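As written in TrEMBL, here are the features:
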type: DOMAIN; residues: 167-220; note: domain 'Potassium channel'
type: TRANSMEM; residues: 12-31; note: transmembrane segment
type: TRANSMEM; residues: 37-56; note: transmembrane segment
type: TRANSMEM; residues: 68-86; note: transmembrane segment
type: TRANSMEM; residues: 92-117; note: transmembrane segment
type: TRANSMEM; residues: 129-149; note: transmembrane segment
type: TRANSMEM; residues: 169-188; note: transmembrane segment
type: TRANSMEM; residues: 200-220; note: transmembrane segment
């Protein structure tokens with residue numbers, strides 16, 4: 001990859017990080033009226049940026065893979081944008097499921113991209129951060145789908161008032177519970193009450209720890225394998 005492409009990739013990754021931070025930490029603080037639409041638009045652009053990152057890092061020899069990622073990303077971007085105006089519809093639920101699968105694929109691709117990197121650069125570190133934040137979004141989408149499938153999958157009684165404010169606040173609650181479980185903080189205000197909910201909780205706890213362990217192993221291994229330079 002030439003220098004210009006590396007610089008573009010770095011800035012796209014930084015933009016993706018900023019958008020993820022905005023989605024996870026900021027949107028839920030906004031007024032309820034347009035919160036769901038802002039979440040929808042933000043998720044759509046996250047899909048677009050993820051598509052670019054995976055597309056640019058996929059080897060040129062794998063033209064089919066590059067094309068598939070590009071087409072899938074653009075299609076999901078448009079569908080997610082439209083879906084933000086159709087909350088509660090079957091179309092929205094299907095897009096959420098496809099979005100979950102796509103983000104999960106992106107997390108796996110980022111792990112392989114980090115593993116294949118020859119050195120630990122700024123771009124690699126940012127990709128590792130983005131992968132972890134995307135994993136949290138995957139979990140929040142899984143919780144949302146679980147709630148849609150069976151609203152008794154989790155006990156949201158401690159956040160009932162917030163859940164009733166609207167779909168925007170509900171998305172914020174799903175993100176909150178997703179990251180609290182992923183980081184194994186666990187304040188005790190979310191209780192899985194069905195086998196489906198418990199399965200999501202178990203997967204979340206394991207996935208978060210495994211991701212950190214694997215990524216740290218790759219990064220530390222690459223740093224330790226660097227040959228000393230002349231001035232070192």
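Cβ atoms are placed via backbone N, Cα and C, with glycine included.
Under 8 Å from some Cβ of the transmembrane segment (12-31) lie the Cβ atoms of residues 38-39, 42-43, 45-46, 49-50, 52-53, 56, 123, 126-127, 129-130, 133-134, 136-137, 168-169, 171-172, 175-176, 179, all in the same chain and six or more residues away from its ends.
Counting residues per DSSP class in helix, strand and coil order gives 42 helix, 2 strand, 10 coil for the domain 'Potassium channel' (167-220). It is 129-149 that, among the stretches 37-56, 68-86, 129-149, forms the most Cβ pairs under 8 Å with the transmembrane segment (92-117). Within the same chain, residues 36-37, 39-41, 43-45, 47-48, 50-52, 54-55, 58, 92, 95-96, 98-99, 102 sit at least 6 positions outside the transmembrane segment (68-86) and bring their C-beta atoms closer than 8 Å to a C-beta of that stretch.
Remote same-chain residues near the transmembrane segment (129-149) are listed as 13, 16-17, 20-21, 23-24, 43, 46, 50, 53, 93, 96-97, 99-100, 103-104, 106-107, 110-111, 114, 156, 170-171, 174-175, 177-179, 181-182, 196-197, 200, 203-204, 207-208, 211-212, 215 (criterion: CB distance under 8 Å, separation of at least six residues from the stretch ends).
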